């Protein structure tokens, strides 16, 4: 049978379909490039924030006296006790910044920690769980947030799994951004959780000898 030539309307329709396909393909390519750019920009911003924080932390260690912190990017140092007390002590008001004064260890929050090293605990736990059982919500302009905590320890002995549950008092210091758990046992080992000022969902937990202040174990905690 003879091939019938395309009508004008059919030819126009085919051309429109081809153009639509090309436009759709270009749109998808552009979106992919745009998404990749957004990801790169986001990573760069995040990396920049972390780099700035690391630099500031390094400067804090060498710039300000013990129990003092820099007022953000300012060279001014301020006592830990002046942070988040409702009074602007830093010239740039960094000490009362709403992000700086967040208390990440809220009531009913749970934090699971895994050992980086352990040279001193009795049980040598492979997992430690800190649960915040109570945190007063009416304390706004207080440098120290009092807490009640439960510490669950999971360990192994002779191939058998063991667990222990301890209860005690703790405090979150807004100035130093530290969670301090008083020694829950007679060995007088306290837990000091140090937040980095960037991520509120994790912290380094140090086991510290109460009398000397020496760190003898470290756990990495993550919010659940």
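Backbone N, Cα and C define each Cβ position, glycine as well.
The number of other Cβ atoms within 10 Å of the Cβ belonging to residue 77 (disulfide bond), over all protein chains shown, comes to 14. Sequence annotations record features per position, and here Swiss-Prot assigns disulfide bond to 64-77 (among others).
Secondary structure from DSSP puts residue 71 (disulfide bond) in coil. The local packing around residue 71 (disulfide bond), expressed as other Cβ atoms within 10 Å of its Cβ over all shown chains, amounts to 21. What Swiss-Prot records for 71-90 (among others) is disulfide bond, and it gives sequence analysis as the kind of evidence.
Per Swiss-Prot, the feature disulfide bond maps to 84-101 (among others).
As annotated by Swiss-Prot, domain 'LDL-receptor class A' applies to 62-103, with the evidence given as sequence analysis.
For 108, the entry in Swiss-Prot reads N-linked glycosylation site. Under the DSSP three-state reduction, residue 108 (N-linked glycosylation site) is assigned to coil, being neither helix nor strand.
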Within 10 Å of residue 90 (disulfide bond) (Cα to Cα), which of the recorded positions 64, 77, 101, 108 do you find?
77
Work through the recorded positions one by one (64, 71, 77, 108) and name whichever has its CA nearest to the CA of residue 101 (disulfide bond).
71
Residue from 64, 77, 84, 108 whose C-alpha is spatially nearest that of residue 71 (disulfide bond), among the recorded positions:
77
C-beta crowding around residue 90 (disulfide bond), within 10 angstroms:
20
Taking 10 A as the limit, how many CB atoms besides its own sit near the CB of residue 108 (N-linked glycosylation site)?
9
Can you count the other CB atoms that lie within 10 A of the CB of residue 64 (disulfide bond)?
18
